[in-house]
Structure formats: structure tokens, C-alpha cells
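Worksheet for the structure shown next.
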Amino acid sequence: MSVIHPLQNLLTSRDGSLVFAIIKNCILSFKYQSPNHWEFAGKWSDDFDKIQESRNTTAKEQQGQSSENENENKKLKSNKGDSIKRTAAKVPSPGLGAPPIYSYIRNLRLTSDESRLIACADSDKSLLVFDVDKTSKNVLKLRKRFCFSKRPNAISIAEDDTTVIIADKFGDVYSIDINSIPEEKFTQEPILGHVSMLTDVHLIKDSDGHQFIITSDRDEHIKISHYPQCFIVDKWLFGHKHFVSSICCGKDYLLLSAGGDDKIFAWDWKTGKNLSTFDYSSLIKPYLNDQHLAPPRFQNENNDIIEFAVSKIIKSKNLPFVAFFVEATKCIIILEMSEKQKGDLALKQIITFPYNVISLSAHNDEFQVTLDNKESSGVQKNFAKFIEYNLNENSFVVNNEKSNEFDSAIIQSVQGDSNLVTKKEEIYPLYNVSSLRKHGEHYS
């Protein structure tokens with residue numbers, strides 16, 4: 001049975017008039033017009049072919065060695081004295097049983113003037129720069145593609161809207177001027193690094209205008225470095241026992257971090273002080289399932305070791321609330337930040353959904369989630385939910401009308417697309433955060 005591939009992420013423009021959605025290797029654009037009317041505004045697909053790129057690389061190498069090979073061929077003879085001619089090297093290609101190749105699109109960000117959209121593509125480990133034209137039939141136009149040696153994992157855009165900070169899978173951080181011309185071969189040196197995979201990055205400044213880069217990694221570290229003098233480490237924030245998957249920054253130097261621990265950490269990143277921790281383990285317990293059982297080789301005799309991790313933590317822009325979700329669960333947890341005691345966190349609300357949450361994002365004072373709705377019966381729905389703050393009720397509520405109309409817009413936009421309408425077994429892996437957890441084998 002074929003289904004529409006679940007949405008992997010959402011990004012909304014400042015005024016809410018544009019929404020970008022990631023499905024597999026595509027970015028879909030939608031215009032939102034009140035009341036609750038959606039209009040499809042184009043699609044961009046990453047058609048980069050890894051196998052073809054491998055062929056091109058091999059061809060260049062062969063061409064460079066052709067003259068040398070011709071000379072050597074004259075000297076090669078068989079046992080009968082016949083000349084032996086070298087054969088061209090085989091082009092590497094996936095063989096039988098090779099793992100599938102997934103061309104994820106990640107890390108959607110808009111520049112502050114919203115004239116450009118920045119994203120990352122796994123296909124060629126690149127940073128994508130799009131022009132955004134709201135008057136065009138297809139609002140996105142790919143302008144540049146900066147390729148890296150390792151996969152970009154997280155990005156942050158500087159206030160000048162031209163500098164992008166990229167953290168990669170290898171542990172290095174780079175600074176790219178998106179107005180520059182992309183190099184054919186990546187030669188840039190990193191501006192700072194970790195000895196572990198980077199998971200998040202933020203470029204921020206203090207009240208004196210000094211800039212800092214905050215990075216988190218798989219080795220439970222949070223590092224604060226001066227920018228652009230990144231060789232100067234300002235401080236480390238120690239306290240996590242497991243990997244850090246997500247960080248977010250608030251006013252007055254507040255930093256929130258989460259990951260493989262069963263706690264949310266609140267910090268004053270300027271002083272390095274751990275302000276508080278919020279233990280959410282009892283709150284999430286009713287939502288855990290078989291997907292949270294530890295891998296068999298790390299289980300006990302009773303097979304009851306549970307492992308879970310926060311996939312994303314994000315702050316409301318104007319309200320004192322922060323939301324997060326645990327991977328492979330059907331809820332988001334909203335916390336209230338104390339206005340009297342900096343860093344104090346208290347439970348505000350838990351919102352449940354019919355399917356597992358895949359992604360969490362924020363637009364002003366609205367939270368948005370995408371759901372793993374591949375098991376939806378009948379007409380597929382529940383692709384995403386838009387969650388608004390109701391001042392009268394002093395609580396967050398799902399805007400069902402807006403969400404339902406968005407479902408209809410998604411269905412109409414992908415009709416006849418054999419790439420986005422796929423078999424269930426061909427859906428991209430949607431739960432990757434838990435793989436960051438280290439076990440005994442990583443320390444041996």
C-alpha cells in the first residue's frame with residue numbers, strides 16, 4: 001500500500017504567510033491566507049545523483065592517469081608474449097544487500113530579511129542557498145550549493161544575513177559567506193572543532209556586542225567559543241551525563257539544553273552556572289513504548305531496559321514557554337519559565353497527538369509539529385498540527401481547522417508524485433536521535 005511520506009520538518013516565515021515543509025529530498029512551499037486557506041507555492045527537489053558523481057570522479061582520475069597507463073601498458077605482456085592492456089577501473093556502485101541511500105534535507109533557516117532560505121542536503125553534504133520570491137509561482141529558486149567534506153549537522157545564520165555557521169558530523173565548525181562563489185573542491189579550514197559529532201550550533205552575542213558560538217556534541221559537552229576568535233574558548237557547560245541533542249537560547253543569557261538525559265538543563269551561559277534541572281522522566285513514562293527498549297545486545301535478562309531522548313527543545317518567541325518532545329512519542333511537553341527566578345522551569349501542559357511526533361518548530365507564539373502518520377486509515381491526515389496559545393484559557397490549543405486545511409493542501413500538492421507517494425517500507429528513517437547514545441562498546 002502506498003502512502004504520502006510523512007513531513008520531516010516545517011519552517012514558517014515571520015508573518016506566517018509562507019510555510020516550507022520537508023518530505024524526503026524535497027522542499028514544498030505553501031502560502032497561508034486567513035482564514036485557514038492554504039495555497040501550494042511550488043516544490044524543489046534535490047536531484048543530485050551520488051552514483052553519477054562517483055562516475056565523474058572516477059573518470060577524472062582515469063583521465064589524469066591515462067598517459068602514465070599507456071606507457072606502462074607497453075611493458076605488460078602475457079606468458080605468451082602478447083601485450084596486455086589495462087582495463088578501466090570499475091565505477092563503485094551499490095551492490096546487492098548494500099544499505100539504501102537516503103537524501104535527507106535538513107536544517108531549514110530563513111535569513112532575517114527572509115529573502116533567502118538556507119538548508120542542508122545529505123546527497124552531496126552541501127549547504128543550499130535559495131532565493132525566496134513570494135510573487136513567483138515557485139517561491140524557491142536554488143542560487144548556490146556549497147559542498148563540504150563531511151555532512152552538515154546544524155547551522156546558524158549571523159545577523160549580517162551573509163555569514164552561515166555550519167557544524168558538521170565530524171566535529172568541525174565552518175564559517176561560510178553565502179555571497180561568495182562555491183569552490184569546486186572544498187579546501188576551507190574549520191574555525192573550531194570538537195572531538196565528537198556536533199549536534200547543534202548557535203551564534204549569539206552579549207550585551208556588549210561580543211559574539212559567541214555555542215556548540216553541543218555527542219559527548220555530553222556544551223562549548224562556548226569567542227567569535228570570530230574561535231580559538232579562544234570562553235567556557236564549557238558541564239552537567240549532562242549523556243549526549244546533548246538540542247539547545248535553545250532565551251533572553252538574559254538563558255540557555256536550555258536537552259538530549260539523552262532524563263532532565264532539561266537551564267543555564268546562564270554568560271556565567272556558566274547551571275540554574276536548574278527539570279526531571280521529566282515521570283511525565284514521559286506513560287508515552288514510552290517498545291521503540292524505547294534498549295538494543296538487544298545492551299538488554300538485561302528481563303528485557304526491560306528503557307532508553308529515551310529529547311529530540312528537540314525550542315522556545316516561544318514572546319511568551320515564557322518552552323516546548324520539547326521525546327523521540328518516538330505522541331506528545332509534546334510545554335514548560336513555563338519563571339519570570340521571578342531565572343531558570344526555574346515548571347510543567348505547563350502536555351499535548352497529545354494520534355501519532356508519534358517527528359519534528360517540533362516555533363513561529364512567534366505558535367508551536368508546530370509534524371507527525372508520523374503513515375498508519376493513518378482512509379484518507380491520510382494528521383500530517384502536521386499548529387498549536388496556538390489561547391490567552392483567555394491560558395493554555396495551548398491545537399488549531400484543528402488550520403491543521404485540517406493544511407492536510408488537504410499536502411494531499412493536493414503531491415498527487416501523482418511517485419517520489420513522495422511511496423510504499424511504507426520505503427519511508428525514510430524518521431527516528432535517528434536515539435542512535436547518538438553511547439554504550440559500553442563506544443568506551444572500550
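The count begins at 1 with the first shown residue.
Glycine residues also receive a Cβ, built from the backbone N, Cα and C atoms like all the rest.
Pulled from Swiss-Prot, these are the features on record:
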- 1-47: repeat 'WD 1' (REPEAT)
- 48-99: repeat 'WD 2' (REPEAT)
- 55-92: region 'Disordered' (REGION)
- 71-85: compositional bias 'Basic and acidic residues' (COMPBIAS)
- S93: phosphoserine (MOD_RES)
- 100-147: repeat 'WD 3' (REPEAT)
- 148-192: repeat 'WD 4' (REPEAT)
- 193-237: repeat 'WD 5' (REPEAT)
- 238-279: repeat 'WD 6' (REPEAT)
- 308-354: repeat 'WD 7' (REPEAT)
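Counting residues of the repeat 'WD 5' (193-237) by DSSP class, helix then strand then coil, yields 0 helix, 27 strand, 18 coil.
According to DSSP, the repeat 'WD 6' (238-279) comprises 0 helix, 25 strand, 17 coil.
For the repeat 'WD 4' (148-192), same-chain residues at least 6 beyond its ends with a Cβ under 8 Å from one of its own Cβ atoms are 106-107, 109, 111-113, 115-116, 118, 120, 122, 125-127, 129, 198-203, 205, 213, 215, 217, 223, 225, 227-228, 230-231.
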